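J.: Submitted below is the structure of interest, expressed as structure tokens.
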């Protein structure tokens, strides 16, 4: 245990293996896949499949690096614990708070999406009203106990998975039975101007948006402290990520782009709506809206869980106020859930004041925070592995391609930042990174000063 972990109580280990597996899976199927893929298809054409394969490989390397650390030391606060222990107290402080802010931003974005999806049925309801209602409901559920969160996420994820699998099967049937019409042919993947119609540039420029789709995979690391059997469930969930990326992202996009020429995809429609259009309008439109609504709620649900656990871990390390390191008699960190909720509620206000511009900026900020997050996992892992080697410890679940894999990941992160600088509307979030790091530095110095003052008394 780290120093500063004596106070506060323990989180309950209430998550079963099936919960962990589906939390990992659900984290990867969100708004990014359902809606974000349209603009990528317009720019990269069928090359989007290659883009998801590359980003998926990087995500898998990062997951394995996190997995190796978590199996050795399953604690609350996930990788901020490793950054803190193996890299230094500022790294722990910065990575923990960055992760917390990342998921507050994702929570804001998903709540905004929920408001938009509800308007599909009830256009007269303003987005902030639906956002506020679901905000209250999901926070209330998370305040009960971790088993309820696990169950809810389990069923949310099942709905999303069934929808994607049904789409792949139905699309495959249309393709191979001839019922998809004359335009449905596998040759659509290379006939319309080639596999990479706009060359590699078209694909490379979209890597930041593709990366947004993979944010959330690292949720598995956060669940470790509440998993019944982390040394079995974490490696299993981590290794299955690769099949899931292949099936859900690459499989669904390959079917989708074979069914009709990619040139017919429009940026403002979910490509998944287009494919199911064949079934008849109203049924499909409603069914799909339920699925995308579930996807957004599921990711928001995970955000509430994640934020509260990260803040709890920070408080245990002494990097957040002590009051946040307590749990109630059911093992729920009530204070951290309420603090995270309070900050997220602020974004309901932002959406109320500036509904148009808020969403795009939130997305770009999410990718920037995600880049910092993944880079820190990779760097902390290198420090962790070095420390273990010096102690002569052989880890039970070693990461792939160490240390080359870590350098590949870091190069990829740097490339994503360069791409964002060249993308209109995204550059601002890259310029905000140094500002954010300065804010973290000031926060850290304030914390150190306060700690010294307390010790002096």
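A Cβ is built for glycine as well, from the same backbone N, Cα and C atoms used for every other residue.
Just so it is clear, the model here is predicted, and its values are computed rather than measured.
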J.: Transmembrane segment per Swiss-Prot sits at which of 171-191, 360-380?
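T.: It is 360-380 that Swiss-Prot annotates as transmembrane segment.
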J.: Please check, using only what Swiss-Prot records about topology, whether residue 272 lies on the same side of the membrane as residue 352.
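T.: Swiss-Prot topology: residue 272, residue 352 on one side of the membrane.
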J.: Examine the ranges 99-119, 309-329 and name the one recorded by Swiss-Prot as transmembrane segment.
T.: 99-119
J.: If I restrict to non-local contacts, at least six residues apart, and a C-beta distance under 8 angstroms, what lies near residue 103 (site 'Key residue for tryptophan transport') in its own chain?
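T.: In sequence order, 303, 306, 307, 310 meet the Cβ cut-off.
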J.: Do the transmembrane segment (148-168) and the transmembrane segment (360-380) come close, with at least three CB pairs under 8 A (pairs 6 or more apart in sequence)?
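T.: Stretch pair does not touch.
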J.: For the transmembrane segment (360-380), which stretch among 99-119, 125-145, 193-213 has the most Cβ pairs under 8 A?
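T.: So the stretch in question is 99-119.
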J.: So which of 43-63, 99-119, 125-145, 331-351, 403-423 is most in touch with the transmembrane segment (193-213), counting Cβ pairs under 8 Å?
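T.: Stretch with maximum Cβ contacts: 43-63.
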J.: When you look at the transmembrane segment (43-63) alongside the transmembrane segment (240-260), do they share 3+ Cβ pairs under 8 Å, ignoring any pair fewer than 6 residues apart in sequence?
T.: yes
J.: Tell me, roughly as an integer, the mean pLDDT over the topological domain 'Cytoplasmic' (64-98).
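T.: Summarising the topological domain 'Cytoplasmic' (64-98) by its mean pLDDT gives 86.
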J.: Grab the same-chain neighbours of the topological domain 'Cytoplasmic' (381-402) for me: Cβ-Cβ under 8 Å, and only residues 6 or more beyond its ends, written as numbers and ranges.
T.: 60-61, 64-69, 71-72, 82, 86-87, 231, 234-235, 238, 408
